[in-house]
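Peer 1: Here it is, the structure in full.
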Amino acid sequence: MAGDSDSKLDNHAENEHVDWQPFLIGVAGGTASGKSSVCGKIMELLGQNKIDHHQRQVAILSQDSFYRVLTPEQKAKALKGQFNFDHPDAFDNELIVKTLCEIMEGRTVQIPVYDFVTHSRKEETVTVYPADVVLFEGILMFYSQEIRDLFQMKLFVDTDADTRLSRRVLRDISERGRDLEQVLNQYITFVKPAFEEFCLPTKKYADVIIPRGADNLVAINLIVQHIQDFLNGGLTKRLNGCLNGHTPRKRHPSESSSRPH
């Protein structure tokens, strides 16, 4: 019967949608190791950084967006450079897990925006639409097993301590309104010990270690090739679905991979 046939096609199409999942890549490494630069280079080599947002197949998220909301006492400490932002408890892991699960289900998600000058979440959020590949970078991306196990590929950006410190000093002074003494005190008191205790031990979970960060084009090109193979395989699967009368995942023309809300 036509009704039964239509029902079977609908069910099959629904199953095709359920079977589809984005490729989640975790990118960890010490502070100012070049995680964002590596993600940006991957986007560039994939040709994703200069195309229309609604055609973008790759999205980038940062663990920095998921700092917990501080109490008044914690915020007062933070403004004096006395709060440890490199400790696992500084991050809202529950929200990270919830966001990643929604991304895996192909949903549009709202990402918090963190203000590093005032140490607070802004009222606005960033809208991230469904993408085929999602890069999620942060200093402690692999610390929580629950989060770590969600990634199909794990990268660790390995940069020497002197380079990371010099980059952090320049960044925090120019972008975050800190003075040199505060940056150095925070590094010695919190950043360096936290790296050695919480971040560095997670290096063992990485599938690929990238020395020298974005300067290591050999490693990045290998990763890009792997992502391209995934994207091409996904495209073939969706095209086959169309040929068989199934409906692939669609994105509204007005949707972008990431934009302010």
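Just so it is clear, glycine is given a Cβ too, placed from its N, Cα and C backbone atoms.
Keep in mind that this is a model prediction, so the values were computed, not measured.
Below are the features listed in Swiss-Prot for this protein:
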BINDING   Gly29, Gly30, Thr31, Ala32, Ser33, Gly34, Lys35, Ser36, Ser37, Asp215  ATP binding site
BINDING   Asp86, Tyr114, His119, Arg168, Arg178, Gln186  substrate binding site
Peer 1: Counting distance between Cα atoms, which of the binding-site residues Gly29, Thr31, Ser37 is nearest Tyr114 (substrate binding site)?
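Peer 2: Comparing Cα positions, the candidate nearest Tyr114 (substrate binding site) turns out to be Thr31.
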Peer 1: Measuring Cα to Cα across Asp86, Tyr114, His119, Arg168, Arg178, Gln186, which the record gives as the substrate binders, how far apart are the two most distant ones in Å?
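Peer 2: Value for the max Cα separation, rounded to a whole number: 19 Å.
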Peer 1: Could you tell me which three-state DSSP class Arg178 (substrate binding site) falls into?
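Peer 2: Looking at the DSSP assignment, Arg178 (substrate binding site) belongs to neither helix nor strand, so coil.
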Peer 1: Would you mind reading off the Cα separation of Arg168 (substrate binding site) from Ser37 (ATP binding site), to the nearest angstrom?
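Peer 2: Cα to Cα, Arg168 (substrate binding site) and Ser37 (ATP binding site) are separated by 14 Å.
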Peer 1: Taking just the CA atoms, what is the gap between Arg178 (substrate binding site) and Gly29 (ATP binding site) in Å?
Peer 2: 22
Peer 1: When you put Thr31 (ATP binding site) at the centre and draw a 10 Å sphere around its Cα, which of the binding-site residues Asp86, His119, Gln186 have their Cα inside it?
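Peer 2: Final answer, ordered: Asp86.
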Peer 1: Looking only at Gly29, Gly30, Thr31, Ala32, Ser33, Gly34, Lys35, Ser36, Ser37, Asp215, which the record lists for ATP, tell me the maximum pairwise CA distance in angstrom.
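Peer 2: Pairwise Cα check on Gly29, Gly30, Thr31, Ala32, Ser33, Gly34, Lys35, Ser36, Ser37, Asp215 gives a maximum of 17 Å.
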Peer 1: Go through Lys35, Arg168, the listed binding-site residues, and name the one with the sparsest Cβ surroundings, counting other Cβ atoms within 10 Å.
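Peer 2: Each of the binding-site residues Lys35, Arg168 was scored by Cβ atoms within 10 Å; lowest is Arg168.
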Peer 1: Of all the binding-site residues given, namely Gly29, Ser33, Lys35, Ser37, which is spatially nearest to Asp86 (substrate binding site) at the Cα level?
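Peer 2: With Cα distances computed to Asp86 (substrate binding site), the winner among Gly29, Ser33, Lys35, Ser37 is Gly29.
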